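Taken straight from Swiss-Prot:
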| type | residues | note |
| --- | --- | --- |
| REPEAT | 46-86 | repeat 'WD 1' |
| REPEAT | 89-129 | repeat 'WD 2' |
| REPEAT | 176-210 | repeat 'WD 3' |
| REPEAT | 221-260 | repeat 'WD 4' |
| MOD_RES | 281 | phosphoserine |
| REPEAT | 328-369 | repeat 'WD 5' |
| REPEAT | 371-410 | repeat 'WD 6' |
């Protein structure tokens, strides 16, 4: 495993292009585009203010930079660096901006969610969509880019509108049986739309493309409900994470629950492999001691080593006592993601923040648990194979695969605190992001990594 040099970064804004050829990063008001293979700077663009959001067009030819405080969006072209577009929403303000799937239209959401403005880069025409709902996930596109679903709120009721992306004509408009709609998401095959309600009302609804209600699912009443939702890439399963610390798996045939995964603090099953991160301070030999002691700032002292150990059951996981009299308590399933082959599901229970649970979806059972020394900040699956990358806000990267686990120290002066990460679409590298910097991590082939994992006490 190799690492690149460290580059400057602002606001964790660093994204690979969809075609995998470029890497865009932001340093305050500057946008830097690099070649992924050489990391040489290809283009350097200067925006009018500090960049708060970036997004590549689907064809990787354009990149959007949003400056919400100024109500501005600037669009840059990689093929024609001298060309650029500026969109000023003026007094209407700006709270969100995204590309349409064709990469030639930009959707801007104005302040207070009064409307969505659709700007065409080709014809310079402008269209308006009224009544967008202010919710966590209110816009979703089908994978083939043909349709857009939009959550709306009008006359104190929730609605969903489905638009044809080629001409922005309204295809379907229907009300949803929700108290306060929180999110919508298309299945990867584009046939079913999942709609879920506020956490105060446990309800998830499944609609067809023509607006027919296919099914409604509710696990319980009178308690905090849904916290997270994820489709499997195969569209066969819908995972619903709840505030009660369980994940419920719905199937695509009957839309009924086929199983539920609990997240207890104690693991007693000897068939479950529990990997515990262990830290060991390096032993300083007599030759390593210096007299007098080194001055502050004279160089970093040897850092502690980290590795995984297989814990013997029963295992008690570290829990966090939630503050229940405040909003958004740290309980329930806050993170969940399917592997690209739909074989595995990774989850995190927010009141057991140091643990990542990996579930075998084929056998509908718990496969492994990874307990870190620090709370898990983020995890993401390799796009090409069942390999999970994890970061905890420290200077280490953690990898899990069915072959086992490994912990890798990120090199560099001082501590490189990995706050987030994103895979390259090839699965051969990933970007590691800290508060003010980023670097690239290059991985060997799966055979080499698998061998390394087994040497570190892996389990198959």
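Cβ coordinates come from backbone N, Cα and C, glycine included.
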*asked:* Let's check the environment of the residue listed as 'phosphoserine': how many other CB atoms sit within 10 Å of its CB?
replied: 10
*For the repeat 'WD 3' (176-210), distant same-chain residues with Cβ under 8 A (at least six beyond the ends)*: 133, 135-144, 146-147, 149, 151, 153, 158-160, 162, 216-221, 223-227, 229, 231-235, 238, 240, 242-243, 250, 252, 255
*asked:* Can you give me the average pLDDT across the repeat 'WD 2' (89-129), rounded to a whole number?
replied: 97
*By DSSP, how many residues in the repeat 'WD 5' (328-369) are helix, how many strand, and how many coil?*
0 helix, 23 strand, 19 coil
